[in-house]
């Protein structure tokens, strides 16, 4: 009888034989697969980077370029990765060697990108772990330290006690034993959960993927009941449309999609390769992408409600200090000046006693300024300070810690699977070597690689990697992915594959996105990214006890070389 599978002349892969393989692991059920993809895609970027970008780019105004990038860049690429992984039933390297031997380097780029990211993503997990531990320490801290007094208690404990950070990146310092211990514990937990590939991560994902939603819901309910929550939400959803004139907004929205959906990492290809060949990957792609984006918005609501509480508390504290100063200076009765009539009193006294008011050096109290005072530490320092102000702060700190750790852990499952699957298929090690040993070797190598982030300068290295060595390789890999499938493998052949799997021919939206919009959008983002990077000196923020983010330009040339090496190394490997 003739084969019912489409033939691919010139390709090395015999699809019918692959589909008949019985020894390839499979997901226990569809829900387990969806949870694994959601857990891999939903990570720290949803809780930290997305709210931060919303804050600095006009609140709701950022949602406009984000949705456009999601529709024409994120979802089409997400569908493409799930489809090729499910159809070929191989990891990243096997898939791209199948499409064309000339595109085997894309698979190597994916694997290299994964090895690099798995090391410093685990450092992020450690970063958040220590952040929450710092909360617990501060809750019981007392005493006066000058460096702490010049900054804030949270900043001091984070930079000086937890990280023991150096003055700049050239001062590497020694390995911090407590950081090494925390990193070892984190990687040990990852190894236990990934010891048998999807056979073990599929069980752990039920906890690590669902638990963060439970905690976010608890924070949402508690945050909405705090005073000032309304101001925080108004700040989030009030759009400043003038900010859309800034090209950086559109660039950051496009790059955020890659981090948010975990595109061009290879994990999605690995996960979908364990699906049934007849699975509806189109519905999966749309569902998971929408769930991921809604999670970003859902996480922003409790964060901004709690930050609204912090901003309002700081605003009230500012007013109370000024009120006390005025009452003492003019010998007024207690409670004669209240928060609601403070402005009236201040205007009156400014008119009648301007010199006295000037001599008091009253602080300017503006609620908007307190809401703006978050910066890059939105989910690190500032959110920590907000939790400390909440009643029962110890319990909230523990919840916050476990939630962030779960997010990092579920993302790491995809990281490890993205490395393990290609290695098993390439047979770089003997079949007699148990999968447990190979998983342990991957975790051990990643742990050793991440040790550079446990130095006193480790936080600076993390910032350099995150700022300069993350976005560009993802853009390059994703661009070659879509152009390879559309123009080398062939859009008609790929469309036939999708129809064979889903029973539907890809509609006009998918066709025009894969052929034109997605490649053109990524090429535009790439050019804009390189242009913006060449217009400024590479720098990073260094610890300053006076609460100032001080750029360091002394190592400008040195950091520029580092940026060049780590950004373009995958291309050289290809």
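Cβ coordinates are placed from backbone N, Cα and C, and glycine is handled just like the others.
All annotation found in TrEMBL is predicted automatically rather than curated by experts.
Cross-referencing 156-174, 175-193, 327-345 with TrEMBL places the feature transmembrane segment at 175-193.
Per TrEMBL, the listed range annotated as transmembrane segment is 31-48 (candidates: 13-30, 31-48). Listed ranges 92-112, 302-322; the one TrEMBL annotates as transmembrane segment is 92-112. Among the ranges 512-532, 533-553, the one that TrEMBL lists as transmembrane segment is 512-532. Feature annotation (TrEMBL): of 60-80, 354-374, the stretch labelled transmembrane segment is 60-80. For the transmembrane segment (31-48), same-chain residues at least 6 beyond its ends with a Cβ under 8 Å from one of its own Cβ atoms are 82, 124-125, 128, 198, 201-202, 205-206, 208-210, 212, 256, 259-262, 267-268, 271-272, 274-275, 284, 287-289, 291-292, 295-296, 299, 303, 378-380, 403-404, 407-408, 410-411, 413-414. Sequence-distant contacts of the transmembrane segment (249-271), counting only residues of its own chain at least 6 positions beyond either end whose CB sits under 8 Å from a CB of the stretch, comprise 33, 36-37, 40-41, 43, 45-46, 49-50, 53, 57-58, 61-62, 65-66, 68-70, 73-74, 77-78, 81-82, 84-85, 91-92, 95, 107, 110-111, 113-114, 117, 198, 243, 289, 292-293, 296, 411, 414-415, 417-418, 420-422, 470-471, 473-475, 477-478, 481, 521-522, 525, 528-529, 532. The recorded stretches the transmembrane segment (60-80) and the transmembrane segment (512-532) share 3+ CB pairs below 8 A when only pairs 6 or more apart in sequence are counted, and are therefore in contact.
Here residue 407 (Na(+) binding site) comes close to 42, 43, 44, 46, 47, 208, 212: these same-chain residues lie at least six apart in sequence, with C-beta atoms under 8 angstroms from its C-beta.
Summarising the environment of residue 46 (Na(+) binding site), the number of other Cβ atoms within 10 Å of its Cβ, over all protein chains shown, is 25.
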